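Marked as signal peptide by Swiss-Prot: 1-31. The domain '4Fe-4S Mo/W bis-MGD-type' annotation in Swiss-Prot covers 37-93. Annotation comment: Swiss-Prot describes Cys44, Cys47, Cys51, Cys79 as [4Fe-4S] cluster binding site, evidence class sequence analysis. Positions annotated as region 'Disordered' by Swiss-Prot: 308-329. Taken from Swiss-Prot, the feature substrate binding site covers Phe803.
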Amino acid sequence: MKLNRRDFIKANAAAAAISAAGLSVPGAAVAQGKDEIRWDKAACRFCGTGCGVLVGTQDGRVVATQGDPDAPVNRGLNCIKGYFLSKIMYGADRLKTPMLRMKDGKYDKNGEFTPISWTKAFDIMEEKAKATMKAKGPNGLAMFGSGQWTIWEGYAASKLMKAGFRTNNLDPNARHCMASAVAGFMRTFGIDEPMGCYDDIEHADAFVLWGSNMAEMHPILWTRITDRKLSNKGVKVAVLSTFEHRSYELADIPMIFTPQTDLAILNYIANYIIQNGKVNQAFVDKNVNFKKSATDIGYGLRPTHALEKNATSNGYPDADGKPKGDTGKSDPITFDEFKKFVSEYTVEKVSKLSGVAEKDLKALAELYADPKVKVISFWTMGFNQHTRGTWANNLCYNIHLLTGKISEPGNSPFSLTGQPSACGTAREVGTFSHRLPADMVVTNPEHRKHTEELWGLPEGTIPDKVGYHAVAMARALKDGKVNFYWQQCNNNMQAGPNINEELYPGWRKPENFIVVSDPYPTVSAMAADLILPTAMWVEKEGAYGNAERRTQFWRQQVKAPGEARSDLWQLMEFSKRFKVEEVWPAELVAKAPKLKGKTLFDVLYANGVVNKYKLNETAAGFDNDDSKLIGFYIQKGLFEEYASFGRGHGHDLAPFDSYHQARGLRWPVVGGKETLWRFREGYDPYVKKGEGVKFYGHKDGKAVIFALPYQPPAESPDKEFDMWLSTGRVLEHWHTGTMTRRVPELYKAFPDAVVFMHPDDAKARGLQRGMEVKVASRRGEIQLRVETRGRNKPPRGLVFIPFFDAGRLVNKLTLDATCPISKETDYKKCAVKVTKV
């Protein structure tokens, strides 16, 4: 059957309509003649919005992409990055063969990168990993993964590290972007991920953006908000940030606040709601508990830092070796105690602290307080990359819970994601150093036991100790605690904090062996010892999970160039190099004698569950190189085993094949029907008739409102370093620019990073627009041009620098302070000075 793009769209219209209702129908055949473009659906490779695209291939190459008009998320639209997806795989410097640092024919830490075979690459990885385990045990190994991994890549990595090598030293780069959202959800609701969905946009009367420049970072969702506002009189938009950006163009209530004072603003809103008698008392009485948390929790810096030495509840070892308190500890309080706690956050006090006018604070609070106004709160990195990021998430939930504006169309607190599968892979699969699939954690013995049973492993296989998180991994490499480190699908040497002091030294430490899997020679790759060339996006069969709990699949469309192989294949092949006796203690092997002599591949992947789907089940007319090389339908096997964790436990995923037929489905998918709103009767299958609202993540079915104070940041401007620095993204580039800077049109649109600065700050320093300047912190310095006009307009005393530019590494300047609960880095607040070169 031959289909052009128009015919393909028509043929799938019915499928899209039915799948939107949670049903599935057979997918259209899309086999093409040699001379025609073949079109097939995929999820966009960039942000967490999860736009649908149509991928056009011809002669083994992606030649075009289009917005998918049948995709519910974007309805045929793509942002500027999405329109150029067809070019991201074809940069001139695409890696096609493994590269090892060598000198005189041997590996040398200071040698030149030299092409080698995959066999030799795995030989040296095996040698270095085994030497590390012999010297340091399994915790000498670490892997840093990604919210860009496909679902099955993350799941395979989690099995390999946590069960195979028996270390929880696995963390995703989502630690840098979504960990605070995870911790916030778990503390307030006992279960992760948003209760609402994008359909909320078409029902809302007001939108509040907290530290989220949706106009540039989630532009397709922004078009839906814009349409809602311009098409419906009375719809309001409030925007809060530390500097003005493009989202302010639509704002009815624009607010610029002093960094960190969002905590105080959130408490003021709660106080306003209470003082004005706008608490939904019936909702609160039935559905909410109140708690007060530990507050002297430090800033996630090294234990020797002055800010950590005196902290009483940062969890670090005290002189007696015991942890100093618990960063997440909380105790019950009453509503009256909460009322008294927030009463100090008056409009006068908060206006003075934050710099936001009293009238704007009142207008914002009234949006939440008015029972007739449906409100969505959107946030991204402004909340999450915050030394009190977990608290910020909790405080926003407080407001929605006090008013009952939650879990129904148009009323939703909504944490947006920045990566295409930060939800689907990092969070749901559980590739964090403390997590297992379906919101389980490694410290819970019942969770470990359940996981071991599903994986067919002896009890005690999974260690009970939380592994190193992202920032701790860097410190462990520097300190010599980790000697073997494998990074896949991210560019942490550019994206991680405090590069000069905490990242680079560990990578170049002589005894450490660093492996980077990437399609391109990134900053990370060039700092590594071994580079593995990686297949990307539609060069493999994949699955992502977006910010609204929508799981989306795509088929392999083209082959990867040269010898490039997927992250999944790399994990599989590496696992074949180790027998259980080499990595497990004898007493563990003795519990399962049938596993003796088997490789980790045999035990984890060829285990009778993952390998039960045959090659003839893969899609006809499409390549599936991973499955062909491995010998069975690996993607289906991994997915179905993984899905067994969530089915019946509030994380239900549909059968594998249905995702290839639908434009994504939002979990929980029960009885073939997706869930749009969680926790409310009539929408959520886990809320029984008569229960109304039930936050079933907690055993008592209630959510928690937390009493949490405003606290200052870890570092603020002073006489020497007199300006705030905030980092982030721009519309044209994504993260570190690995893909977007290799698209000529995107590169030309914004070729180099600049320092956005208030004109008066520039003038006071004798600087002019376009002038080259030095921006320095206590940790490093970079040179770049001054920009006093354009899209980003900082207030006096603050500068903004995007992090996409490999030639201007802004993370040389940033501080490696984190939220002590979530361990997420604060990239939004440190002190710098700007001087003329």
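Here the Cβ of each residue, glycine as well, is placed from N, Cα and C on the backbone.
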In the region 'Disordered' (308-329), how many residues does DSSP put in helix, strand and coil?
2 helix, 2 strand, 18 coil
Which residues of the same chain, at least 6 positions away in sequence, have a Cβ lying under 8 Å from the Cβ of Cys79 ([4Fe-4S] cluster binding site)?
Phe46, Cys51, Pro219, Ile220, Leu731
Positions on the same chain near the region 'Disordered' (308-329), where near means CB under 8 A and six or more residues out:
183, 187, 293-302, 390, 820-821
For the [4Fe-4S] cluster site (Cys44, Cys47, Cys51, Cys79), what does the 8 A shell look like? I mean other same-chain residues with CB within 8 A of the CB centroid.
Phe46, Thr49, Gly50, Asn74, Asn78, Lys81, Gly82, Pro219, Ile220
Just how many other Cβ atoms lie inside 10 Å of the Cβ on the residue listed as 'substrate binding site'?
22
Rounded to the nearest Å, what's the C-alpha distance separating Cys47 ([4Fe-4S] cluster binding site) and the residue listed as 'substrate binding site'? Just drop the number here, would you?
15
Between the Cα atoms of Phe803 (substrate binding site) and Cys44 ([4Fe-4S] cluster binding site), what distance do you get, rounded to the nearest Å?
21
Give me the DSSP three-state residue breakdown of the domain '4Fe-4S Mo/W bis-MGD-type' (37-93), ordered helix, strand, coil.
7 helix, 20 strand, 30 coil
Taking the Cβ of Cys51 ([4Fe-4S] cluster binding site) as the centre, how many other Cβ atoms fall within a 10 Å radius?
30
